[in-house]
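Structure, as structure tokens:
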Ligand SMILES: C[S@@+](CC[C@H](N)C(=O)[O-])C[C@H]1O[C@@H](n2cnc3c(N)ncnc32)[C@H](O)[C@@H]1O
């Protein structure tokens, strides 16, 4: 995974969401009237009756459970784990600067009790929870530096603000860098991001062998996945848009005689979401026991398809943010019953040391939406038999060790409610074996004529949403390849892993994927709707002074850097990198003599700036002008690296509470520059900057 992308659209999504909800769209905190949640009535008599009957909470804890459910959710976040060195440096900064700072400020008694704490079960101390809500952080001056920091580092993928319990499922998948992973219901993608990070965190290669396919049935929500994946700059991800209950097995080659099976699958199913009542209080008014009954069927079908796509020996995690056994244990029990011993429930609690959990239920009640309780399917009146299914009832004995399922109750750790189960496939599912036998018989009876399931003509599918541009992979014969290859001295580079999104006309961006992702995209474009893949690696810049029409993109640098020769590399000292990051452009004359010497015969154009530091290897895309050098990265990225290099960047922190009164204060040249790039941080601007600068430089030097 490359250096993370810099450009935040979180605010955009939040604004759109508020617009849709008819709420305030203002970015000014003083005008912010997000009070609708405060006025939501957090009561529902049926909810209380139902869960009392379900016995999901120990009797003496009921009142505590309900009072916590009615309160707002605290903030939690995790530091991106894909690059160990960066994660460690950021952690040092979080613990050493922001939290210490925070506790030094003028705090109310309540705020003093809100000391951040590290989630004991999250690896490498990278998961954190604060005893304050997001609203508190947004609305209090004492937290403005932390708030700015979280927003800036979230935008460029170094931090993810994620609900504590939602961090659990990916951890239980035990991911290795070579794993083929499927995220069946992935949007908006916080767990997908964790899956991608896990692929990289154990890998010694900048492009691991494994892959992540992130899928969601809702076309619009798939673009949230695109946003998530882009923050992480991974060449190992594909985003697909398909109904997970009938997700086709992907072809690994052109003949379609080799199908992709996954080593790890996350099935984070659509659910009634009553575990998220603290975050989404409007669920209080909408809640009905009928919702769970209506979801049970689709949850089961998604889980079943997941197990079909799983390798024998592979692991699947089924999770929901619902407290309801009909969506949880009943789904798992039904699946275990059909799997007939080919799947086992794994006890994974030891992976969550320090987290208080409850055992899965082995007995529960089944009710209609009017809260009438039925002990067996025979008692269910006909009018409810489409909603209540026989498989929803608990078996008399717990034949499948449902107690190994994991429940998390909100009041135990001040979190949301959650359900998670780890399943392992120990042999083919009974119907997979039967299918294989029928297939073999068909083959025999056809007397040598091969009839293969996967060779049948696929049904024509109607796709929703935009028609995506094609994914066109480059070949050695592509007209743009020789100039790129020669300019960057790319040796042994897998050119067939580069792709564009246009089949005719000038190529603008060139993306890079791992070779397994390339095979999947090439062989399945007609069968599954592929929304996005690849990390931006080369960008057309048409600068006449450069001998190649494509510059490097910071996003894709980590993936291809090892292939690039020495001609376009510059070794810089730590101090030089700091100066370059602090300034928009610097004259070559300001650099060390060694660098000046090297730059004498260094052609104009895109290059790699390598910082010489064993403990913190840093690579940036740079631009060598006629007599200047600059880092070709945006403002957030500059701030990030300056922070990691120990530079105090507090001068760039905008205190929105004081902003109006400070408007007249002069800001130094660097401050203005960085702030400008952050606030106007658009791709278009980034694309334009070098050309304008190149042009300016050319003019200045010519005159
Ligand atoms: C609980 S959310 C997933 C949250 C996500 N895993 C995360 O951590 O950000 C459930 C998702 O399932 C999707 N979904 C619903 N039905 C689906 C189906 N039949 N196939 C695939 N996805 C589905 C919804 O669009 C929704 O995005």
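Residue 1 is the first one shown; counting continues down the chain.
Cβ atoms are placed via backbone N, Cα and C, with glycine included.
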Residue in 136, 209, 216 which TrEMBL records at the S-adenosyl-L-methionine site where 185, 186, 187, 188, 189, 190, 191, 243, 268 also bind: 216
Stated TrEMBL location of region 'Disordered', expressed as one of 1-38, 39-76: 1-38
What whole-number Å value do you get for the CA-CA distance of residue 189 (S-adenosyl-L-methionine binding site) and residue 321 (active site, nucleophile)? 15
Relative to the Cβ of residue 191 (S-adenosyl-L-methionine binding site), which residues of the same chain, six or more apart in sequence, are found under 8 Å away? 166, 169, 170, 183, 266, 268
Quick one: give me the count of other CB atoms within 10 A of the CB of residue 321 (active site, nucleophile). 25
Provide the three-state secondary structure of residue 191 (S-adenosyl-L-methionine binding site) computed with DSSP. helix
Give me the non-local Cβ neighbours of residue 187 (S-adenosyl-L-methionine binding site): same chain, 6+ apart in sequence, Cβ-Cβ under 8 Å, ordered along the sequence. 216, 218, 221, 222, 224, 225
Could you say whether, by DSSP, residue 321 (active site, nucleophile) belongs to a helix, a strand or a coil region? coil
